[in-house]
Amino acid sequence: MAESVELPSRLGILPFRNKVLLPGAIIRIRCTSSSRGVAARALHLSRGVEKPSGRVTYIVVLEGLCRFSVQELSAKGTYYTAKVSRLDMTKPELELAEQDPELITLSRQFKATAMELISVLEQKQKTVGRTKVLLETVPVHRLADIFVASFEISFEEQLSMLDSVDLKVRLSKANELVERHLQSIRVAEKITQKVEGQLSKSQKEFLLRQQMRAIKEELGDNDDDEDDVATLERKMQSAGMPPNVWKHAHRELRRLRKMQPQQPGYSSSRVYLELLADLPWQKASQERELNLRAAKDRLDSVHYGLTKVKQRIIEYLAVRKLKPDAQGPVLCFVGPPGVGKTSLASSIAAALGRKFIRISLGGVKDEADIRGHRRTYIGSMPGRLIEGLKRAGVNNPVMLLDEIDKTGSDVRGDPASALLEVLDPEQNKTFNDQVKPIPPPLLDRMEVIELPGYTPEEKLKIAMQHLIPKVLDQHGLSSDYLQIPEDMVEFVIQRYTREAGVRNLERKLAALARAAAVKVAEQQHTIPLSKEEPPITTSLLDTRLAEGTEIEMEVMPMSVNDHEISNAIRSTSVLIVDEPMLEKVLGPPIFDDRETLERIVAPGITVGLVWTSFGGEVQFVEATTMAGKGELQLTGQLGDVIKESAHLALAWVRARAADLKLSDAGEINLLENRDVHIHFPAGAVPKDGPSAGVTLVTSLVSLFSQKKVRADTAMTGEMTLRGLVLPVGGIKDKVLAAHRYGIKRVILPERNLKDLVEIPQAVLAGMEILLAKRIEDVLEQAFEGGSPWKQQSKL
Ligand SMILES: Nc1ncnc2c1ncn2[C@@H]1O[C@H](COP(=O)(O)OP(=O)(O)OP(=O)(O)O)[C@@H](O)[C@H]1O
């Protein structure tokens, strides 16, 4: 209890602006000062609701312990401390003082008034029992403080109570205040009784609301909440919601008004209303008159090549121009990473004069991510599309739903079906997609536009015309300071990247630009560094460059702006990228043409061409045998279709074993007591589809005949049980992949001949394309020195 409080000689000081804490009392403060104060113990600290302005109120519950006076105040960091001396009496002093007859009379008087107050309150509330107990157990001087603190008195009166160090003064003052309070309760009661019967419902509601407000204020709870709710209402009114939404929102607002901020459901209700008020119900980008010529020019200026795709986009825009409210198709861009899907979509938005937003759906498994959670769910959030609209701030943006193929379904529902619902009646949405496993009903609503990968020549043009100017600009450079010659770009394409798109190429060029910016800026020493930043020294940079790693770190101090950089660089001679610089910045080349040679080390290994989410790819297939029960083991993240192809291939080869020129080892391998193990390396990439058929047969024939296949040859094609080779998809991408790996011979199904027209001459010129109708044709071409068959096939 307070009497036993040991007061330290120094205390942290909390200045109060409009409230006084009396010893024994417990108050909640909203924070804010006199040379007198009360030592307090913090009982509880809680964090209030965050305001839309970002302001957070903290509520501290304090228990007053004893009066003190400030001897010396000093500021320590952001708060004050003070040297204090105790004002309230110590226990022995009190015991002595209590002998005073005058004090005894005063005490009795006070207790009687307090008792009277309690009995009046008792008729109204049931919670006064505890106060009664206080009256019997707590020393009277302390009671005076506690009682006065329990009702509303002016700040000045509170201050004078605080100043009443003398017990007699304190008791008579408290007596007076309690008496006054008692009177006011009685008067109020009389008035209430008179008025009550005459109040209408709405008046009552108003009165109650006013009282609630006063109570909240008293509790330190008002927190501008009332004002906040009023602000929210104003915001809602100006959001321009359609009438049905407004009706619903208004009902919710009424509910919110009746709630306490601490009440469950308050914050979810509030977040919900904030969202409703924030949505761009009426705000739309002003769509400008669509100029097809300008749109085409823009597409051409931002994108190299892609003629067919651009043509399709212009057609789409033309239809929109003629019939703006037509149920437009949802465009679905399919292609490997970095082929320009996102930038095409943003060009469509620019052509339409609308805002562009990209929403990634990758990894969405929960239907609620699309549809939004139930509002009552704790931590509920709006769906990604609504969130996107809010972010866009307009109700007619062009939306790019990225990675739609990467949504999955589980117990939490099926996002694809939610998407279907969202997209079906809608229009003007652009879709982005990378591979095809999009559920058919969803795919049905979209117009698929394929973007194949680029040839090295196309990449070179894209780099020279688009990527280099863009990257230089992003780094505050220009061709006056950094030049990357064509042959160096070609070198980067061939030796540092092996991708269908140009994403990594762009990254490598950016790494060169970063290194150049640092070097150039460093030569000048004119960039003022901020105080905290140690100056960039030559040795640091050189070691980073010498490490051969890509410089990921942004070395420019944040305080340096583009203007300063260009000033700094202006007088520097132009930096021309050469091979040593490439090696310094990007490290030693990562890729070369020898990979297939190095990997075709034993019979049983074949080079296949496949289609993955990264576009066309070269896929090695490795077959081997080991002791077992004649079973087929398959590894490398394979889908059902590819597994079936493997069983089919093994069945086919075993059926024709008699025709094979087998080595001794091959004879053994064919035995029924050995397992055949086929592995597809790059185990992290899921693989499926029928086009590995011919590759699998070739691997098995190579294994059983113990003849190595040609390392310069890659193949693709589905096969039938009868040995026919069927055509497969993605031929252009697959041939481009072979080209990237420096593979010179490609075996394709004969019926894919028509697809070759899509492949640029520059790529075909350096390649030998072999067409196969039957699996024997493939085998004939795949091995050094001809077919592994005993008799030449009769083709
Ligand atoms: N034909 C092109 N002409 C000019 N720049 C291009 C072309 N294709 C791609 N780019 C550039 O390559 C970069 C990557 O393109 P973008 O981000 O649009 O690819 P994406 O296909 O959307 O990739 P992801 O599927 O990984 O999102 C961008 O800077 C883009 O401007």
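For all residues, glycine too, the Cβ spot is worked out from N, Cα and C.
Database features, via TrEMBL:
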DOMAIN    1-182  domain 'Lon N-terminal'
BINDING   GLY335, PRO336, PRO337, GLY338, VAL339, GLY340, LYS341, THR342  ATP binding site
DOMAIN    600-785  domain 'Lon proteolytic'
ACT_SITE  SER691  active site
ACT_SITE  LYS734  active site
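Taking each Cβ in turn and tallying the other Cβ atoms within 10 Å, the top scorer among the recorded positions THR342, SER691 is SER691. Most buried of the recorded positions LYS341, LYS734, judged by other Cβ atoms within 10 Å, is LYS734.
Ligand 1 lies under 6 Å from the Cβ of VAL339, out of the recorded positions PRO336, VAL339, SER691, LYS734.
Note: the CA-CA distance between GLY340 (ATP binding site) and SER691 (active site) rounds to 27 Å. The separation of LYS341 (ATP binding site) from LYS734 (active site), Cα to Cα, is 20 Å. Taking the C-alpha positions, the distance from VAL339 (ATP binding site) to SER691 (active site) comes to 24 Å.
SER691 (active site) falls within a helical segment according to DSSP. A C-beta separation below 8 Å, combined with a sequence spacing of at least six in one chain, links GLY338 (ATP binding site) to GLU499, ALA500, GLY501, VAL502, ARG503, ASN504, LEU505, GLU506. The two recorded residues SER691 (active site) and LYS341 (ATP binding site) have their Cα atoms spaced 26 Å from each other. Around the Cβ of PRO337 (ATP binding site), 17 further Cβ atoms fall within 10 Å across all displayed protein chains.
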